[in-house]
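Per TrEMBL, these features apply:
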ACT_SITE  B:E21  active site, proton donor
BINDING   B:K82, B:V102, B:S133, B:G134, B:D135  substrate binding site
BINDING   B:D131  Mn(2+) binding site
ACT_SITE  B:K152  active site, nucleophile
Amino acid sequence: MRTSREVHTALQSGGPVVALESTVITHGLPAPVNLETARRLEAAVREEGAVPATIGVLEGEVRVGLAPDELEALATRNAVEKASLWNLAAVVARRQWAGTTVATTAHLAARAGIRVFATGGIGGVHPVPFDESGDLLGLSRTPVVVVSSGPKSILDLAATLERLESYGVGVVGYRTKHLPAFHAPDSPFELPATVWSEAEAAATWRAARALGLESATLVFHPVSEGLPYRQVKAWVDQANEEARAAGIGGKDLTPYLLRRLSELSEGRTDAVNLRLLEENARLAARIARKLSA
Amino acid sequence: MRTSREVHTALQSGGPVVALESTVITHGLPAPVNLETARRLEAAVREEGAVPATIGVLEGEVRVGLAPDELEALATRNAVEKASLWNLAAVVARRQWAGTTVATTAHLAARAGIRVFATGGIGGVHPVPFDESGDLLGLSRTPVVVVSSGPKSILDLAATLERLESYGVGVVGYRTKHLPAFHAPDSPFELPATVWSEAEAAATWRAARALGLESATLVFHPVSEGLPYRQVKAWVDQANEEARAAGIGGKDLTPYLLRRLSELSEGRTDAVNLRLLEENARLAARIARKLSA
Amino acid sequence: MRTSREVHTALQSGGPVVALESTVITHGLPAPVNLETARRLEAAVREEGAVPATIGVLEGEVRVGLAPDELEALATRNAVEKASLWNLAAVVARRQWAGTTVATTAHLAARAGIRVFATGGIGGVHPVPFDESGDLLGLSRTPVVVVSSGPKSILDLAATLERLESYGVGVVGYRTKHLPAFHAPDSPFELPATVWSEAEAAATWRAARALGLESATLVFHPVSEGLPYRQVKAWVDQANEEARAAGIGGKDLTPYLLRRLSELSEGRTDAVNLRLLEENARLAARIARKLSA
Ligand SMILES: [Mn+2]
Ligand SMILES: [Mn+2]
Ligand SMILES: [Mn+2]
């Protein structure tokens, strides 16, 4: 595991650092939007006064903080793995390249001494028996602030929230009492706690540390201009129906659903996705500054 | 986190201390029974020769051991939160008051150096998909003896026992080979181990520590004079039927079921509840004394 | 917990040691095949240049490395417990004898400083709601290499693989891209990573340690001469049908299914079982040697 000089220097001096994940670059967005977005997120973190630390695996080496040419290499390369906690060590041992998932990035960030991590949406419970993201249990064991816009839209939101409770993952809404639903800023599901400021989010993290809680502190941040919950849900339901009718399942299901969501919304879900990524990076930077103050 | 002088002194000298939870005070029992019961449980622990340490959150401060006026304040105050592991840090950060659940109390007790904790019933698997108490995974990570009368009656007992096995939570029956079912001292479900004395319960805890097991040691203690398992199950089934017919679900379901249980049993479940709480406090105190000897 | 002199000496000098479990001796195989097999597995480990450490509980004492007479005593004794993580401490406290399950053996091996453990098959998700082996979560918390031939044949393989992902357990196929299915060397289920040599398996373990991952590294090793996946699946399905028709369930189900598998295959599943146990012991020894080099 290698930390860039800039990130290392910032951490040494207790300065604000924000970890960013890389599956959004390697698997989540098409080229060239992926590289543009990765750059924009780093720039957004800097504009808010923090140091970005994009995390990925380059030729078997875990890297915390990427130079511009490294970011480009990761974004443009073919045959890049997706490193979850269950295959991360093998990816490293076999000298592969990989984007890192939410749980993996959170783990590596915490290990590097970074306290705040921004992403788009977290994984959760799929509406398929036993298909539950490693993010859920992973986050229950990883002491880091994770800023996201909620579980990804295609997930079973109610079940995902139950699992977060069952696994004891710290959860707060940022200025919302309901679970934000990724593309939708609102949903019918009540959160167990709300923070009304960056200072309160930072205080929640400090309290968790003082009390010896090992879980992440999830800060659910509703996107500023999103889509109506019922509309997104209707698209997701329709896409699931179509997949069932066409016999699409297994590993093909999630990419199919995301593509159909984009088509059904005439690209509006894509625009919201980019917006929330940047907004989360900014909020994470402001929370990181509170924690450094 | 602040430990009372009395509890601190007892812990320093290796003396017996029993942690008590506070959601039974803030959410489990109506006034004025809640405060009376809290006092009676503390008195019962003292009568058995141990120091009680009721745990709660007062204006954002975790308190281990409450003075009489603090206990009263917690019992009589309005708008008190229920602090599970997923919202504990936020409750503290926001300077709120809260009763602490089984998993939260166990965590805080262990952190304070207390080895034995008494409660009424533990949480578990509800007969609703994905509704599983944070007690289950929480207890798999918290090295403390927990004395209870089994999972609460409205839970899916078989599924709860399976989860305890799946999560590797240490489980013993106290002088019983079957899972006690809270209001009922017996059930058809076999336990993996039985202890026949306080000394054996204490030895189980010591063995767990010596072997590096991080889970709780659950001591399931059948209530001395309870209700027949089939009778309680029939009431629970009836109450669930009624709830379904009346469209009651979500957060309203558990309070509804408990109220109906009380009504259908003509108050007998309430009497049993108070009895088992005191009996568990006494057994916990005797185990704590064995551990201090 | 007592480590034999031979195992202790090997560990002190950084030499290769392979842990072996004992439920295969106490519960998995009938006499006298159980003792013969236990001896053969130890001999196989030695032939590959490593020191075997069979782990079991003798009269309440956890033993790491058994002398020949102790192995015989464990194999021939009546009324021996099966120590899973949820009853291990009670077994020790009550001075009982026990075979140790996969999760328990892995935990004890790691605690003794042993890095590699060989077994036949791991536990997983049964096709009965909530019946999930403690091996799954246990292995997510235990840093040890576990060589097996996949989940046992009577399990829900797809669900078991999902749980391994959800729990972040490190998984690699040894020279296979598909999950081996115990009696069958192949199955339709894709693994997240493959290693092509003992050196790569060892490197995966080292990477996991360097990255602070606390989970096991499961090395799934297909049996050299096994049975066709579809054939085994057909037998398992038939046996489950028969059990349902005969009203066999609960604790009686697994023994019934295994006996019927043996009968339906005319003993071929038994032969494969012995073969894979030895092959796994040999591969584990070779990986242990790589880790010692
Ligand atoms: Mn999945
Ligand atoms: Mn619940
Ligand atoms: Mn089971």
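Using the three backbone atoms N, Cα and C, a Cβ is placed for every residue, glycine included.
On the structure: features taken from TrEMBL.
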residue : record                    : DSSP (3 states)
B:E21   : active site, proton donor : coil
B:K82   : substrate binding site    : strand
B:V102  : substrate binding site    : helix
B:D131  : Mn(2+) binding site       : coil
B:K152  : active site, nucleophile  : coil
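Cα to Cα, B:D135 (substrate binding site) and the residue listed as 'active site, nucleophile' are separated by 12 Å. Annotation for B:S133 (substrate binding site): spatial neighbours B:V102, B:A103, B:I122, B:G123, B:G124, B:V125, B:H126, criterion Cβ-Cβ under 8 Å with sequence separation of six or more. Spacing of B:D131 (Mn(2+) binding site) relative to B:E21 (active site, proton donor) is 22 Å (Cα to Cα, whole number). Among the listed recorded positions, namely B:K82, B:K152, the Cβ with the most fellow Cβ atoms inside 10 Å is that of B:K152. Comparing local CB density within 10 A for the recorded positions B:E21, B:D131, B:D135, the maximum falls on B:D135. Comparing the binding-site residues B:V102, B:G134 by how many other C-beta atoms lie within 10 angstroms of each C-beta, the top residue is B:V102. Report note: the substrate site is defined by B:K82, B:V102, B:S133, B:G134, B:D135, and the residues of the same chain whose CB lies within 8 Å of the CB centroid of those residues, excluding them, are B:S84, B:L85, B:T101, B:A103, B:T104, B:I122, B:G123, B:G138. Of B:V102, B:D131, B:S133, B:G134, B:K152, listed as recorded positions, those near chain A by the criterion of a Cβ under 8 Å from one of its Cβ atoms are B:D131, B:S133, B:G134.
Across the residues annotated as binding substrate (B:K82, B:V102, B:S133, B:G134, B:D135), the widest Cα-Cα separation comes to 13 Å. Rounded to a whole number, the C-alpha distance linking the residue listed as 'active site, proton donor' with B:G134 (substrate binding site) is 15 angstrom.
The 6 Å Cβ screen around ligand 2 retains nothing from the recorded positions B:E21, B:K82, B:V102, B:G134.
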